Amino acid sequence: MSKTPRKPSQSPALQLGRAVDWPQTPDEAKLDRVPNPQADTDYLVRFTAPEFTSLCPVTGQPDFAHLMIDYAPGAWLVESKSLKLYLASFRSHGAFHEDCTVAIGKRIAQEIKPKWLRIGGYWYPRGGIPIDVFWQTGKLPKGVWVPEQGVATYRGRG
């Protein structure tokens with residue numbers, strides 16, 4: 001079981017529990033990690049970002065996606081406030097759907113070194129074409145239950 005929560009003053013490196021400025025770019029954003037108290041157990045963590053936003057690198061128009069991030073943690077967990085700030089930093093970032101989705105997955109994997117990670121980027125149509133992007137690291141640890149991401153393929157009105 002977890003120990004007594006620390007006060008922010010005891011965790012000076014974390015953004016959690018303190019006022020921080022919104023990062024303006026993904027490169028500027030800091031992803032915090034915290035020790036996994038269940039590191040000896042294989043299990044799954046899921047983050048859902050149904051209102052992810054970035055900018056088209058050509059037109060500057062907003063692009064919208066439903067992101068699903070699943071990972072089997074190792075020694076580290078992603079701290080969720082820092083993930084929220086990192087994802088929000090894409091609001092003023094111009095990149096194609098594929099680049100955004102894969103870059104997010106790679107950055108998280110680099111920071112926390114999970115046993116396994118996958119990201120699904122379900123992008124809303126631009127120019128009449130929805131784009132879904134999927135990326136993962138290696139193989140899922142044996143015995144870890146991974147539910148379907150459950151985001152339906154875009155059908156429009158037809």
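Glycine is treated like the rest: Cβ placed from N, Cα and C.
Given the structure is predicted, the values throughout are model-derived calculations rather than measurements.
Annotated region 'Disordered' per Swiss-Prot: 1-35, in sequence order. Here Swiss-Prot flags Cys56 as active site, thioimide intermediate, drawing on sequence analysis. Residues or ranges marked as active site, proton donor in Swiss-Prot (evidence: sequence analysis): Asp63. Look at Swiss-Prot and you will find Val78, Glu79, Ser80, His97, Glu98 tagged as substrate binding site, backed by sequence analysis.
Within 10 Å of the residue listed as 'active site, thioimide intermediate', as judged by C-alpha distances, the recorded positions found are Asp63, His97; the full candidate list was Asp63, Glu79, His97. Look at Glu79 (substrate binding site): DSSP puts it in coil. DSSP classifies His97 (substrate binding site) as helix under the three-state reduction. Comment: substrate site residues Val78, Glu79, Ser80, His97, Glu98; largest CA to CA distance 24 Å, whole number. Neighbours of Asp63 (active site, proton donor), defined as other CB atoms within 10 A of its CB across all chains, total 22. In sequence order, Asp63, Ala65, Gly121, Trp123, Ile131, Val133 make up the list of same-chain residues 6 or more apart from His97 (substrate binding site) whose Cβ falls under 8 Å from its Cβ.
Cβ neighbour count for Glu79 (substrate binding site): 20 (other Cβ atoms within 10 Å of its Cβ, all protein chains included).
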